[in-house]
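Feature list (source: TrEMBL):
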- 9-70: domain 'SH3' (DOMAIN)
- 82-171: domain 'SH2' (DOMAIN)
- 195-445: domain 'Protein kinase' (DOMAIN)
- 222: ATP binding site (BINDING)
Ligand code: AMP
């Protein structure tokens, strides 16, 4: 069987590369773009038994589908992998050697600070075109103007339009990969033509969230227009490709536009953010069991992240969403990092962040446990803002001295105990999410049989 790929284990997800009509009765027909899950390997390695999203099972041809993988976090995904920053003319010429007509890169101009230079290999020579930044627009010929470098590169990729050649092949900056290529390779790129935008359902800090329809399914689409922000969101999307749990908002795919836009498509959570849900329904509607169920949902997601060495860093009720059937799922993986990472994080939500994370940037699963305690308090107070009546500047000094919030009105003492354990000042002494999940399950069992 030389040249054969190793068999995919059951549970492997794949994406259809072509349409498959199916000939025999046991075949499972599918269309390009469908997601299928392998159930078992058949005797013939060219065929798998698989299941589609609707739960239908059947036989599929292995070479019609592509395995879906997590995007590796090692290499840096880039929307502009051909951008090399501040390098000299000579360095650019070395990078474009050996000559290959249409090979190009963009660098910052050394002679004209603030401008850029497009360097293109053309019939054995390298041409350097100055890109002028003028009144917020970029131009080479003062005839065509662009909002950003991606739009400019896209334009000259289609047509030479006065340059010595059209842009054919990007010279990639070392250590970067083109985001679009990586999402396609790993099976996460979606087709913009199949996405219909229906209505706006939320405003994030960095762009609109839209309700959409993708191949007949309701989806949520985070639309990131600004190119610098889009670059930051690539990290969030690539983290999401590595995670799968019923209590994490599921990524469905990503669309990277050539001109720099980014769409992150996730499952649609019809009941919106948990904090709004708690505030709008309140005490009269939400039962004790419902609150405990939300607490358990989030805890199970966090137990999964804990087991896989991911640290969320921004756990709060505003970042939990509620599905149509009342399941709470953790979202907003913008700050999520593999546990080994030591990167800086910028602005932190003070009331949710553990003392050691605020003080020494020590983020760990145990700092997520602290935030989880605050989230429990939010749930049992029906969406109140934590530390009521304490001025923000006084929160940290008081917490450092051992101050803990009181139990919310009507909160069962056993649940308040769990909160207080999450707020143990020494991170090592805080319980793990596995232990927390066991405690909450225990509380739930006792309540149900009371
Ligand atoms: P975000 O930028 O992720 O904080 O999202 C802003 C708002 O958009 C949230 O508070 C929700 O109301 C809404 N939203 C975000 N993602 C989804 C989703 N998957 N389903 C439904 N609504 C969402």
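Note: Cβ is positioned from N, Cα and C throughout, glycine not excepted.
Here the structure is a predicted model, which means the values were calculated and not measured.
Taking DSSP states H, G and I as helix and E and B as strand, the domain 'SH3' (9-70) has 3 helix, 28 strand, 31 coil. Looking at the domain 'SH2' (82-171) alone, the prediction's average pLDDT is 95. When other Cβ atoms within 10 Å of the Cβ of the residue listed as 'ATP binding site' are tallied across all protein chains shown, the result is 22. Assigned with DSSP, the residues of the domain 'SH2' (82-171) fall into helix, strand and coil as follows: 17 helix, 30 strand, 43 coil. Following the DSSP three-state reduction, the secondary structure of residue 222 (ATP binding site) is strand.
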